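Undergrad: Got a structure here, written out as structure tokens. Questions coming.
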Amino acid sequence: MCGLAKKLDIEDTLTSLSDQENESLAKPMNDAAEWEHSFSALLEFAADNDVEGFRRQLSDVSCINQMGLWYRRQRFVRRMVLEQRTPLMVASLYGSLDVVKFILSFPEAELNLSCGPDKSTALHCAASGASVNSLDVVKLLLSVGADPNIPDAHGNRPVDVLVVSPHAPGLRTILEEILKKDEIISEDLHASSSSLGSSFRSLSSSPDNGSSLLSLDSVSSPTKPHGTDVTFASEKKEYPIDPSLPDIKSGIYSTDEFRMFSFKIRPCSRAYSHDWTECPFAHPGENARRRDPRKFHYTCVPCPDFKKGSCKQGDMCEYAHGVFECWLHPAQYRTRLCKDGMGCNRRVCFFAHANEELRPLYPSTGSGLPSPRASSAVSASTMDMASVLNMLPGSPSAAQHSFTPPISPSGNGSMPHSSMGWPQQNIPALNLPGSNIQLSRLRSSLNARDIPSEQLSMLHEFEMQRQLAGDMHSPRFMNHSARPKTLNPSNLEELFSAEVASPRFSDQLAVSSVLSPSHKSALLNQLQNNKQSMLSPIKTNLMSSPKNVEQHSLLQQASSPRGGEPISPMNARMKQQLHSRSLSSRDFGSSLPRDLMPTDSGSPLSPWSSWDQTHGSKVDWSVQSDELGRLRKSHSLANNPNREADVSWAQQMLKDSSSPRNGNRVVNMNGARPLTQGGSSVNPHNSDTRESDILDAWLEQLHLDR
């Protein structure tokens with residue numbers, strides 16, 4: 001009995017031991033399943049941004065860095081897989097900003113921990129999550145020490161796996177610039193900065209979690225020194241649909257001229273509240289507002305003081321204030337190709353999307369504007385030449401031209417290029433010295449005394465040449481000229497070069513003199529001073545001495561475009577005769593034949609043309625006896641009973657030149673021969689020759705005085 005009882009006690013002991021072992025083995029298995037379920041709930045709370053549920057579910061702080069399986073789509077592969085993730089990774093993936101802040105409040109949290117087959121970090125998850133709060137999460141992770149240079153299993157850094165929301169296309173640029181920085185971004189920069197070059201606005205808000213979608217709004221203040229801070233709007237102000245707002249991507253609002261000279265420059269006339277980002281006009285206090293480059297002379301170079309916060313010069317600064325003033329400047333707008341090409345979806349793009357949209361660059365400046373030096377030089381030289389040509393009497397260019405100086409694109413009323421090209425204007429005729437000598441001589445003074453008798457038959461041909469020369473400078477002829485009608489800095493120099501290189505141009509010295517600034521200024525001053533005192537080449541009745549005749553010839557020479565040319569072919573002989581004479585006489589009145597009198601127009605050739613019209617095609621140059629008589633009587637004292645001729649100079653010359661035996665001779669004003677007091681004619685050979693020369697000189701002087 002005792003043995004049986006002992007055997008039963010041993011069996012009971014073994015049974016109790018086996019039950020305890022089974023219980024001890026089953027407890028860890030139950031704890032593992034319970035922990036796995038608990039950790040999965042923790043990851044769910046992290047994905048939903050539920051801070052309270054995450055805090056209740058977190059039983060131990062050591063679980064912060066634990067890894068659990070998370071069902072998600074594998075990156076770069078269209079399939080769903082289970083991957084190991086920490087709570088910080090899941091919260092960063094879905095943009096759960098509150099949970100991320102709660103996890104980072106524990107010092108045990110590891111920021112750069114990598115796990116799973118892809119070896120991703122929390123920064124990789126935040127960059128590839130495409131959440132609306134991804135920028136905030138990335139900045140927060142970087143601010144507490146996350147390393148943006150850690151590669152994953154495929155060698156990709158966080159910047160290489162960026163995925164952004166389609167509602168915020170401009171977010172990629174911001175994230176790329178932030179993640180490329182190797183330095184840690186501090187919290188004070190996040191709170192104080194308001195400019196990265198772009199500002200963001202909320203597009204829509206979810207009623208479930210209050211999260212907002214961000215998109216690139218407009219360019220605001222210039223970049224701060226670190227260039228990483230942006231301004232956020234937690235919610236977007238809802239505006240009613242306004243059909244009157246123009247589409248800034250189509251129509252006239254997308255043209256180059258509007259973008260450069262009107263976009264965000266012209267003030268908006270809408271008095272009601274509307275969306276500024278969809279309006280192409282400027283509004284008070286708008287960051288995108290810019291100065292008119294036609295009124296304010298500034299370059300496309302960014303202002304260094306404005307980048308630091310403010311510029312003391314304000315609108316008078318010579319540099320660009322902001323991104324819009326820099327890239328919409330006529331010197332830089334659409335001078336480069338857009339990297340996105342035709343697939344660009346920007347509302348306002350500063351670049352060209354095809355080669356046809358590229359604006360031409362000027363070789364002298366390397367920008368889309370002409371050189372200001374070339375523009376001013378062309379404008380000054382053209383104005384000087386136009387002024388000189390218009391003030392010259394008898395010049396074909398004296399007629400009023402519809403010529404205006406070229407307008408500078410960056411100056412007053414200036415136009416930039418491509419769409420703001422040079423205005424189409426008529427070009428004044430280039431009358432350079434030494435060219436068209438025959439036309440110059442026709443415009444100089446011409447009278448019957450200067451024309452030899454054998455050349456009188458050529459007057460009709462001279463008149464035809466003068467009319468032909470006038471027709472060549474008429475507007476009708478200039479319209480059919482091969483000379484280009486557009487005036488720009490390049491072809492103006494070509495016009496002068498072509499004129500100088502032409503075969504009819506021979507005086508190289510005159511070119512350098514006429515194109516020099518000193519010659520042009522001196523000529524203009526002389527023309528203005530002598531404009532009122534200019535007389536007709538034939539109407540010289542106010543000139544009573546050879547000195548006045550010389551001054552008159554000098555005035556005619558100064559008024560000619562060819563200042564160094566003689567006034568007429570006989571000018572040299574006239575100067576020699578006037579220099580050798582010291583005679584003076586009074587004005588005897590005018591009794592010249594009607595055909596030799598000057599006309600009202602003052603043209604020396606008009607009498608010959610009128611003869612041709614009145615007498616037929618053949619000109620009668622014979623001298624009638626009655627005309628000769630009138631010519632003689634016109635200079636006699638009998639024809640002027642009220643006036644006495646001053647012939648003292650002739651008597652003095654006769655006394656000085658005559659011999660003692662003929663010293664008592666006097667001059668008969670009606671004849672051409674010397675007479676003695678007794679009336680008999682004395683004709684010694686030497687005396688007759690000398691007296692004949694004196695009378696010839698006297699008659700020539702009378703013709704000159706008339």
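Using the three backbone atoms N, Cα and C, a Cβ is placed for every residue, glycine included.
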Undergrad: Which range, 164-186, 279-301, 302-324, does Swiss-Prot list as zinc finger?
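TA: That would be 302-324, the stretch labelled zinc finger in Swiss-Prot.
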Undergrad: When you get a sec, could you say which of 32-56, 132-156, 332-356 is annotated zinc finger by Swiss-Prot?
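TA: Comparing 32-56, 132-156, 332-356 with Swiss-Prot, zinc finger matches 332-356.
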Undergrad: To what whole number does the mean pLDDT across the zinc finger (302-324) round?
TA: 88
Undergrad: By DSSP, what is the split of the repeat 'ANK 2' (118-150) into helix, strand and coil residues?
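TA: Helix/strand/coil tally for the repeat 'ANK 2' (118-150): 17 helix, 1 strand, 15 coil.
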